[in-house]
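Trainee: Provided herewith is a single structure, encoded as structure tokens, for subsequent inquiry.
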Amino acid sequence: MGLPEERGRNGSGSGGREEAGAGGRARSWSPPPEVSRSAHVPSLQRYRELHRRSVEEPREFWGEIAKEFYWKIPCSGPFLQYNFDVTKGKIFIEWMKGATTNICYNVLDRNVHEKKLGDKVAFYWEGNEPGETTQITYRELLVQVCQFSNVLRKLGIQKGDRVAIYMPMILELVVAMLACARLGALHSIVFAGFSAESLCERILDSSCSLLITTDAFYRGEKLVNLKELADESLEKCREKGFPVRCCIVVKHLGRAELGTGDSPSQSPPIKRPCPDVQISWNQGVDLWWHELMQEAGDEFEPEWCDAEDPLFILYTSGSTGKPKGVVHTVGGYMLYVATTFKYVFDFHTEDVFWCTADIGWITGHSYVTYGPLANGATSVLFEGIPTYPDVSRLWSIVDKYKVTKFYTAPTAIRLLMKFGDEPVIKHSRASLQVLGTVGEPINPEAWLWYHRVVGAQRCPIVDTFWQTETGGHMLTPLPGATPMKPGSASFPFFGVAPAILNESGEELEGEAEGYLVFKQPWPGIMRTVYGNHTRFETTYFKKFPGYYVTGDGCRRDQDGYYWITGRIDDMLNVSGHLLSTAEVESALVEHEAVAEAAVVGHPHPVKGECLYCFVTLCDGHSFSPTLTEELKKQIREKIGPIATPDYIQNAPGLPKTRSGKIMRRVLRKIAQNDHDLGDTSTVADPSVISHLFSHRCLTIQ
């Protein structure tokens, strides 16, 4: 797969480290010669030419790339049709409508049979404990996916059905999602750190026919009884009139009872001594994965799907508090994640790629599963956490598997920075060639540490900006081509046409700061919110008709580099995960002691942003450490541990306008102890502000 008019070129360009300048701006400089090793990535000048062409002629550009994939029925109609303007009718995006393919066939069957990669390792699996390891080849993965496709078909799952998946980072998770794709069912993966209530909400929203989960797993020192949470969720579903007919359970913690059989591709038994975990069993609903697989055939003809058929649903937080079911489709998503993976990470066949993200997030969908497999890559699948059993775990794994391309979150980088250089430099890391970041803007200090210490000043860093909704990278450097600036997402990827708008919706030229929008569709863009197309239109297209609105602020500097400045709407980015303030506020006011709540973001040295909550109590209730812990527990149960607030402040009153609207702008200032409040003439009761300042929580920056 090569870029149009670029196949066979050996591009080399400038790329390299940056020194942070004033205000986080940076000056670029030329790299050491070993940085520029790209066989795929064009030079910067050539990139600009190709990018211009990809935006001006998207049908021709992506049409050439589409020829690299298998189509049962090629596209014979219009390659791209769309409407981004709500004033002109329904919003829609259609790439290659009428063409049929199957993404599982493209990422597995073709690699095994046409490209002769059957014996190549698809995944090295690294468990929570350092001694728990295995691997699976492309051929073995194809067999297991076919077997599980037969399991699902036997249980009545058909094309268009929705299947919920609630699992840790084990090989069966990849098998399950690819089996769904093979038979045309939509997978809806829920991060295993989410609560039973969050899982229930997502099952109900898309009417999932079946749930796939695990008995239990370790996350560092912590034992998570996932089956217990799954049972609680299914009970909630039954109470709400939606009984899920079947729950498939992987015996992960109890693998030692099964033995590993003859297949080297099965995860090994857990080496850590397990306490007596009670796994409840619901007869007539629960089924063991291993028993179903023993009876399943190892061949399964793919379901040929229209390019615009839905591939999966992935829920992301919404500003209203109700998660949005983002829908991605087969054809466009396949093209986009395969292409972004290849060029952003400068993929070579001998690479070992490691994206540390959980598959429960879009990063894991695109750059653990679909993007790497579409390119025939070898990846690492990691079940554990960066600090267990010690803070050098990541670099130990890099050396163990000779990882060449490493992709992680700024949160992880900031966390590991705290422990200094020694845990990193005691490992070789000589295999590393490209480093990447994802999930949130990276601060220049963390960028420089990542480059200097982890990359030994020789690895380009690709700081990628994108969203669940975009499917793949939108703004990113290209390694070896783009001079780097710490904290900047650099330039748009091929086919991406960004603009910066002011409040009136006018495009700003040159150096500018405002709303980040995109002017035309790219193949990986979401197509709708599941079951609620009106919400899709309202959230992303209503504010500025004719544009996709990201919800992020952005600055473009004098060199044309883009800098993401943060969310403009009522969303928070905590450790790279988007959280809705409304969702957290709703969880708080469900407590009997809380009359009203307001949640804002506060800078955090590791997480980037954390939650600072203001709560107004009902009469008869008093604020106490016990109540604080109860409220944190309630949020963990309603949403999940990632939403646990760092600070909860008693607020007898909240700053409001005379019409009763809470002034979150003022609350953000109070949380940060910033007395420069700007215009407060619309505050109904100014005394509330001084009271909140004098009683604010002691915070760390």
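Every residue, even glycine, has its Cβ placed from backbone N, Cα and C.
Reproduced below are the annotations present in TrEMBL:
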- 47-107: domain 'Acetyl-coenzyme A synthetase N-terminal' (DOMAIN)
- 115-528: domain 'AMP-dependent synthetase/ligase' (DOMAIN)
- 583-661: domain 'AMP-binding enzyme C-terminal' (DOMAIN)
- 1-41: region 'Disordered' (REGION)
- 163-185: transmembrane segment (TRANSMEM)
Trainee: Residues of the same chain, at least six outside the transmembrane segment (163-185), with any C-beta under 8 angstroms of its C-beta?
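Mentor: Apart from its flanks, the transmembrane segment (163-185) reaches 102-105, 107-108, 123, 125, 134, 136, 141, 144-146, 148-149, 151-153, 157, 192, 194, 199, 202-203, 206, 208-214, 217, 219, 224, 226, 229-230, 233, 244, 250, 252, 265-267, 289, 300, 302-303, 305, 309, 311-312, 330, 358-359, 365, 368-369, 381-383.
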Trainee: Grab the pLDDT values for the domain 'AMP-binding enzyme C-terminal' (583-661) and give me their mean, rounded.
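Mentor: PLDDT averaged over the stretch: 89.
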Trainee: What are the DSSP helix/strand/coil residue counts across the domain 'Acetyl-coenzyme A synthetase N-terminal' (47-107)?
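Mentor: Counting residues by DSSP class gives 27 helix, 11 strand, 23 coil.
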